[in-house]
Amino acid sequence: MIFRKMILPGVALVTLLVMVGSAQAATFEVYGPIVIETPGTYVLQNDILDCNELDCIKIIVSDVIFDGNGYTVDGRDTGCYAFRVQNDTGDPLNNVQIKNLNLTDWRRGVYFNNVHNGRIEDIYAASNEYGIELSSSENNILTNNIIVDNTDYGLHIPSSGENLIYNNYFSNDDNVAWWINVGTNIWNVSQREGPNIIGGDYIAGNYWGTPAGDGYSQTCLDVDRNDICDEKFVINPYGDNFDFLPIGGFKPPLPGPVYGPQIIAYSGTYTLQNDIADCDWAQCFEIIASDVIFEGNGYTIDGIDWGSSAGFLVKDLDDEPLTNITIRNAVLTDWYRGIFCNDVHDGLIENIFASSNDYGVVLELASESITLKDSTIVNNRIYGLGIPSSGHNLIYNNYFNNSINAQSYSIFGSNTWNVSMTEGPNIIGGEYIGGNYWATPEGDGHSQINPDGNGDGFCDLEYDLMTLFTNIDWLPLTTTGVIQPPEANFTSNITSGKAPLTVSFSDTSTGEFIESWLWEFGDGFTSVDQDPIHTYVEPGNYSVNLTVTNSVDMYDSQIRENYITVEALVEPVADFSADVTTGKLPLTVTFIDNSIDAVSWAWDIDNDGVIDYTDQNPVHVYTDPGTYSVSLTVTSIDDVSVTILMENYITVEALVEPVADFSADVTTGKLPLTVTFIDNSIDAVSWAWDIDNDGVIDYTDQNPVHVYTDPGTYSVSLTVTSEDGLIDSLLREAYITVEQIDPPVADFEVSITTGIAPLTVQFTDCSAGSPTAWAWDFSDGATSDNQNPQHIYSDAGTFDVSLTVTNSGGSDSTTKTDYIIVTSPNSPPIADAGDSYTAPEGTAVTLDASGSSDPDGDDLQFRWDVDSDGEWETSWSANPEYSFTWEDDFSGMATVEVSDGELSATATADVSVSNEPPTFGAITAPVDPVQVDTAVSASAEWTDPGTLDTHTASWDWGDGTSSDGVVAGTEGSGTITGTHTYTVAGVYTITLKVTDDNGGAVLSVYQYVVIHDPDGGFVTGGGWIESPAGAYVADPDLTGKATFGFDSKYKKGANVPTGETEFQFQVADLNFHSDEYEWLVVAGAKAKYKGTGTISGEGSYKFMLSAVDADINKKDAFEIDRFRIKIWEKDELENEIIIYDNGLGADLEDDNALTEIGRGSIVIHTK
């Protein structure tokens, strides 16, 4: 039996017992996030709140039980996992159990990846993205869990099968999801005594709810009232994933009083206690059991008239027939179907009032042996009674009044629509019960229009519903009485007249229910109309016979001999002529009647359908041109009319009518204005022009010419006459515009406006308006009357210039003030380039020539040659200053040239620009440890204000070797790189030196590069030192004994060392314990490693431990082992805050800063 001490992060050790031949797993207490690497039982001791670990609890080994002890593991909903159960090697894990805890605000509450034979139970997973996920996991058990209000899925099972999932409570928008199902999962156990997850009596499947309340367990039926749904829940039909025994369900009410909509699932009697108004259930009452009596008590069951709704739906859930259903004494309104029976046998529907539904009552899908009686089915929109595919039903003593009372498409047999005549009372108060009363809102129902010949209350004619099978009401009810035989009689509007003679006959027969008439007119023709109209074509005497028959085949005839006398007619012959048929307007025409046997005349002289004359020989005057057709209708003494039409008989020609039109060769101009008027008229033979619209004719020529001598706007009119004396006029208002001549507008320009005396100036006239005279005044006593004079100014001064121009319209003047400036001869300026200039390269130097001047006070312009190479660096500028930056060292002169615009001068100043050394940023080198014999790359960025300088660089690698750096970059910036391979482990300082081509140099140091050798050995140690004053920074005066113990080594194939370090300075109550290492360096007798840890179990601190084994190499001059530890943390600004350092202030590479140990040993082990 072997006992061994072991400490795991985040776990308080209870006991670990390792036995040879048998194993007893240890139990560990858990207080925070943890990676479980050892089999055993782990018990949570407290809530873990707002955990921000990627995996709060990570299990990477098999045979682990994690008991949450009822505590909560709460995350921050940032893509992290509360429990990740997954072997990082990819191998499967087995026998992992997680139980008894609450998981909230995680991406995944529990995540099994390639886990088998595990168990998850008594978990409350809420407000996660995924409550539980099984990925590529099999043969696990999930039971007694509550998985609710997770945002994506409650349970996610991608690529998982053969898991047993039962007695869990799900209530999520999406309860289960998977990608690929490698096998069927099992969702229930065989029903056994409970209690189950919702407190029911039996354990079986799962509870399936949703936050919206429409989950399967919330809506399924539990008719047998055992808290298990009556039907299986289909989770995923493609993988045979069914919960055959889902728990929950809706328990329908038991038989008894009824107050509102419900499912009727049990045999018995249900009695309605009140009206139900505006019921919004799809089926107000759904009957799913046999042997049910529903007593409506006369109350109303009212719907809201939406598709597929029903007051009563009678249908078995398993599509089996229901039997012995009774519905009676109820009022059904505003439903799609009032009563809907689907495969119902041996039922009774009686004393029902069904109105304002789409369908009153429907018996469908093999419903048979149902009796429908004593009911009123009226005013239903589509039909009152529907019986598709149903037969052998008895339907009698009902009152139907619908546009369509019954539709029957039975394929199973006929229905019976009446009983044998039995003493009443019947549905309409009659004495006998038989069939049904058939009415329609239009009043043409069978019972409304068919007689009752014997007065027994039944129609004499049966009612055939006209269906595929026999569906006949043999005793339809009616309210009509005994029928008497009819008596035939008739009249006519006339009895004699000339042929053809049209006679209107009127039936005046008496008697009830007359339904047919037969007329015989005596000329071989007959009619069956009640009041026919008949035309006799041939003259003669005719006898008329009428026979009438009622609905019970009683008939009577009336014959009247020689009742109609028809005589022959006198027919006229129409004909006419005219005295003239062609002529010009107005045309007078006399029409001459040539007809035979005519006694009246109707003339339509233009064939427009309107009678113009009734004279025999009318005279008509045509006032409009055109071609006219003329018709004459003549009538004989027998009122026979004949019409003759002579088409295009009269031609009336129009008079020639002129159209006045004209134009002018010009309509606008200056005085005097000559205008030629151009006649554009049509059919004109004379012209009268009024060229100023003053009412006086000015010209009668066709194309007159007129000269306007006064300014103004003139309207012009032309009147023309045709050969038929017709006239037309055209007035063009404001047609001619005559303008006055405008005076000129003075303006001029000159060849030059400034200059040195004597100054010659050429003046040029630019006036508008065509002037004819010019008067110039040059303001120096001289004038000119030339249009474009030249003038010489002999004296210096400023002069105005005036010009006056004239034409027949008037004159205009303009004066340009101070227009000509004449100056005296010029003197050169005096240049001053300023004092000498000095600056470092890359720095701007301001060259200043503001000391320059001009004897004449002229404005000056400046330009600079900064390096005396004869080329100007600037263009002319009024600014005497110029800023210039030398990009390299320089010694020479700067030259300035100064100009007054005509004359110039130069001056120079000494310039001295010194060299600046380069600078560069921090060296970039590996932060993490690098294994020996591995190339190490380092780099830095450099800058130099001397952008023309070139550079060299050298690296000192800290191990006694150096190399040239590779310099890249131009124009004052770039990078320096270098590569070195260390062959000996150690902590090295790298130094970089950069030199420019002028000898300027700069150094940069990088501390430290850590070179480790995983095969170079490891270090262990333990003992104590005397802690020097100042080592404990919080209280520098504290001194005393400090104990330590450590081991640090690289495991085979690892790049990060492992081990433990403890350091205690008891007088300061400092208890440091390592968490993890970053690197380890062993070099000869020295070892150094770095890592992180906690103080008194809290916080996160950096530490570096240095150790010397004095026994390894005596030449290092260390006779006693030495030890140094530095512990520090970073503040919010990443500044280093030292907690403890027994070599405080010394470089980490200073071996003399290590403290000799007082007792114990440090051993460096070589491999």
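Cβ from N, Cα, C; glycine included.
Note that this is a predicted model, so its numbers are computed, not measured.
Pulled from TrEMBL, these are the features on record:
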type: DOMAIN; residues: 486-552; note: domain 'PKD'
type: DOMAIN; residues: 597-636; note: domain 'PKD'
type: DOMAIN; residues: 683-725; note: domain 'PKD'
type: DOMAIN; residues: 744-827; note: domain 'PKD'
type: DOMAIN; residues: 955-1009; note: domain 'PKD'
Distal contacts, the domain 'PKD' (683-725) - CB-CB under 8 A, six or more residues away:
655-662, 664, 671-677, 731-740
Segment confidence, the domain 'PKD' (486-552), expressed as mean pLDDT:
91
For the domain 'PKD' (744-827), how many residues does DSSP put in helix, in strand and in coil?
0 helix, 51 strand, 33 coil
By DSSP, how many residues in the domain 'PKD' (683-725) are helix, how many strand, and how many coil?
0 helix, 20 strand, 23 coil
Treating G and I as helix alongside H, and B as strand alongside E, what does DSSP give for the domain 'PKD' (597-636) in helix, strand and coil?
0 helix, 20 strand, 20 coil
